[in-house]
């Protein structure tokens, strides 16, 4: 009986180590921000303002996503560590401001944050616990300040169209790194600025040049920067 118990313990330890290895196995992070005006002015999305009201006209956080250098990514790495709002209670007001959900029906954002942690955050447990995952991501938004970088280059969210290269150059000038720009289409079919990807090393501490760019919706050479 004792030998069977020891074998069972050994197998459980191996299983736990295997799960831990999965959660640690990635090469870099995508830090993704989205422009709410493009999210809302699209046939693909139904847009509802959060229960706390309309967010500010600024880029908002989509997520911080562990990725592999081949373009694939881990997901849902630890079902035993679900999102727990009590662990980020001191960050909630900041989250509501900088990481709001525009999905319908109108909500307080917790289901969005839960999705981001459970799908992506649990795969970075070798680097972050829940609090540091969200705290680090909030800090990255302040550090990169996309809207300030764009406005400094005369690129305003006024519904005008701008050169894709000028948008990328402005963000590169502001952040020091080359962004990847994802576009969607407005209700009239025009290409518009939707999401901006920057990359971090696997420690989650330093911005880097992206090892690989995602395969999302590409942009035309001129894209609209819609109002919000």
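Any Cβ shown, glycine's included, is placed from N, Cα and C.
The signal peptide annotation in TrEMBL covers 1-23.
Same-chain residues at least 6 positions away in sequence with a Cβ under 8 Å from that of residue 62 (active site) are, in sequence order, 32, 33, 34, 116, 195. Under the heading active site, TrEMBL lists 62 (among others).
Summarising the annotation, TrEMBL assigns active site to 116 (among others). All protein chains considered, the CB of residue 116 (active site) has 21 other CB atoms within 10 Å.
Within the same chain, the residues at least 6 positions away from residue 120 (active site) whose Cβ sits under 8 Å from its Cβ are 63, 64, 65, 66, 73, 75, listed in sequence order. Marked as active site by TrEMBL: 120 (among others).
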